[in-house]
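Structure first, commentary second.
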Ligand SMILES: [Zn+2]
C-alpha cells in the first residue's frame, strides 16, 4: 500500500460522506468538543442557549463540570462559580448568584457568597469576601423564602411577589425584574440558595428554563454537600479524637457536672470554630456554706465586695478548663486559677458573669472590654447555659425518684405503727382515722417509757438495756417532754410513723446504726434540758434540733467519706464535700416531703423554712472535718459569756445573733455525736469496740476492694493500738468540746468528768500495752544478744566438749 497523504484522505472522505459522518460522530466529536470546552476556555457565545446544544455538546458541558468538581485543591466556591457561569449562559439569565445558609447562635441566616455571575465574569469579581457579605434573616426576600420553604420558585414579575425585597437592588442600583430561585438541601438542612436573575430577550423564565435550572443545580448541590460533609467529618473526627484524649486526662480532674459541661461545650465548639477558648467554671452554689458565712457574720472577716452575678453570687472562678486547639492540641484543667490567668486579664469573664451575657467575641479586639491582644482569632466565653442546668436538674430528679422508691421500703407500715400506737387494742377502733387526736395522744403517752426509769435526762444514759423497738418510744417521749407535739399540732400518727421510719432508715451496720442515731438525739435532748442550753432557743428550734439529731446519720453505710471518694461511690459523685452528711440531710428532707411523715406539716412557711435551715446546719455540722472551722468561733462565744454579769445578759448576747445560735448548735451536734466517749467506762469501752470494728471492716474493704493498705486506725492487724488511738482522739478532738461546754454551762460538767475518767482508763490500757511491748522488745533484745553469745561460745569451744560453767557465765553476762 502506498503512502496515504492528506489529499488522498480528503478525497476519500468527500467521496464517502456517510462514512465520514459515522467516523466523526463515533471517534472525534466528543473529544473535539471536550477539548474546546476544557482547554481553549473559549468564552461560549452569550447567545448560545440550551436548545442550540446537541446532546453530545451538553454531555461535554456536564463532563467539564464534573471535571471541575473533581479537581483537587479547588474551593467549593470556585467550582460553584463555574456551574453558575454555565447556568447563566444556558438559561440566558442576565446574572446568577449564590447565597449560603448558616446558623448563628442557633438562628439561621443567609449570606451572599457569589454575586452577579455572567458567562464571562471573573471569579474574583463575583466572590464576596467574609467582611463584605450581605447577611439577612430567612424572613427577608425571595431568597430567604426559598430557604425557608425549601422549594424552588419561578417569579415572572418580582413586583407582584410579596416576598420580594428590593434591599439588594437599592444597594447596587440593579433592577431585578424576574428570577428563578432554588435551595440546595441536605437532609433537613438548607446549604444554599441559587438565583438566576432577569431573562435576556424574554419577559420571564420558561418552564424549560426551570428544568435546566434544577438540572444544573444538582452540580452545585454535589459540590456543596461534598464540602459540607468534609467539614462535618473534620469536626467530628477532631472532636472524637479530643474527647477520647480528654477522657483519659482531663476527665480525671473534673467532677461529673463539669464533665457534662465539658461535653456540652464541645458541641458548641462546632459553631465557634475557634483556635483557643476557655471555660471558667463559676462557683454555682447558690451561696457560701453556712460555716464559711459565720466569720463574716460575726464581723471577723471582711465581707466580699467584688463583682456579683445577676442572682447575687460572688464571681469566683474555681476552675478553668483551657482549650488550645491550634497546632498541638491541648486541654488543661487549672484548679483555683490565679487572677492573672490569661483568660481573666481581659476582664471579660467577670463581665460576662456579672451580666449573665453570652458574649460573642467575633470582633474581639474592637470590644472595649478586650484588652488581651495576643489571641489569634477570638475567645469564645460562655457560662453554663440553661440546657446544662436542665440536665443537672434531671440528674437531681433521678436521684429523687431513687430515694422515693427506697422510701417505700423504709416507711413504717400500718402494722408497725400499731405496735406503738395501740388504738385497736386500747380504743377498740379498727381504723386510725376514726380515732380522735386527743384519744390517740392519751394512749400513746401511756405506753411511752418513764423518762426517770430509763434515765432519759441523764448524760450517763445507756441504750444497752433497751431494745431498738423500745428506743422508738423513748424518742417519741422526748418530743412530748419538750412540749412540741401539742404546740406545733403534730398529729401523733405522723409523729409515730416518722420516728419509726427514721429508725428503719438506719442500716444494720456495726456502729452507725439506729442506736447511735438515737443516742445523738438523746444527748441533744439532755444538753437542751439538763444542760439548760434550751434557754437560747425557741421551742420550734429545739424541736428541729432534736429531730435533726435523730436523723443525722440516717442511711449510713458503715464507711466514711474518704472511702466514698476512694471507691467513687454514687454518693461521692453526687456531693462534692461532706458526702455522707449531705446524704443524711437529703434523706431526712425527703422523708419530710411525704406529708404522712411530715411532722412539721402544721407549721407556716416561714417556720418550715427555719426548720429546714436548722436541719441543714445541724446535720452538715456533724462532718468532723468542719469541726476545726468552728472551734475558735465557739470558744469566743464561751469567753464572752463568761465575762457577763448576769444570766439574762448572756442569753441576750447569744439570742440576739442567729449566727451565734447556729455555732452553738453546730458544736452541740458534735458534742452529741461524740458523746459515747463521755459515757461510763462500761459503756464507753464497749462502744469504742463497735466503732473500732466498723473501722476495721472498712479497712478490710480497702484491702480487698480498693487493694490499698488501710491506715492504722482501720487496720485490724493493729487492734492493740486502740487504747493509744483513743487517748489521742480524746486529747486532740474531744477534750476541747466538753471542756468548753462545761465552761459554758456547768450543768454539762458530767460529760467532761466522764471523758476524763475514760481517758484515765484508756491511758492505763495504753501504758499497759506499751509496757508489755517494751518487755517483749527487751526480751527479744536479750534473746538476740543471748543467741550471739551462745554462737560465740559454741565457736570458742571448738569441736571439743562444751565447758558448762563457762557457757553459763557467758549467758549471765
Ligand atoms: Zn453520728
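Each position is counted from 1, following the chain as shown.
Glycine is treated like the rest: Cβ placed from N, Cα and C.
Computed from a predicted structure; not experimentally measured.
Record features, source TrEMBL:
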| type | residues | note |
| --- | --- | --- |
| COILED | 385-412 | coiled coil |
| DOMAIN | 436-769 | domain 'PDEase' |
| BINDING | 512, 513, 514, 515, 516, 553, 673, 726 | AMP binding site |
| ACT_SITE | 512 | active site, proton donor |
| BINDING | 516, 552, 553, 673 | Zn(2+) 1 binding site |
| BINDING | 553 | Zn(2+) 2 binding site |
| COILED | 759-786 | coiled coil |
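Features per TrEMBL, on structure.
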residue: 512; record: AMP binding site; CB count, 10 Å: 24
residue: 513; record: AMP binding site; CB count, 10 Å: 19
residue: 514; record: AMP binding site; CB count, 10 Å: 24
residue: 515; record: AMP binding site; CB count, 10 Å: 18
residue: 516; record: AMP binding site; CB count, 10 Å: 24
residue: 552; record: Zn(2+) 1 binding site; CB count, 10 Å: 27
residue: 553; record: AMP binding site; CB count, 10 Å: 26
residue: 673; record: AMP binding site; CB count, 10 Å: 23
residue: 726; record: AMP binding site; CB count, 10 Å: 24
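Checking the binding-site residues 513, 514, 553 against ligand 1, the ones whose Cβ sits under 6 Å from it are 553. Proximity to residue 552 (Zn(2+) 1 binding site), defined by a C-alpha to C-alpha distance within 10 angstroms, is shown by the following binding-site residues from 513, 515, 673, 726: 673.
Classification of residue 516 (AMP binding site) by DSSP places it within a helix. Looking at the coiled coil (385-412) alone, the prediction's average pLDDT is 56. In three-state terms derived from DSSP, residue 552 (Zn(2+) 1 binding site) belongs to neither a helical nor a strand segment and is classed as coil.
According to DSSP, residue 726 (AMP binding site) is assigned to a helical segment.
Excluding 516, 552, 553, 673 themselves, the residues of that chain whose CB lies within 8 A of the CB mean position for the Zn(2+) 1 site are, in sequence, 512, 517, 519, 520, 549, 556, 584, 622, 672. According to its DSSP assignment, residue 673 (AMP binding site) is helical.
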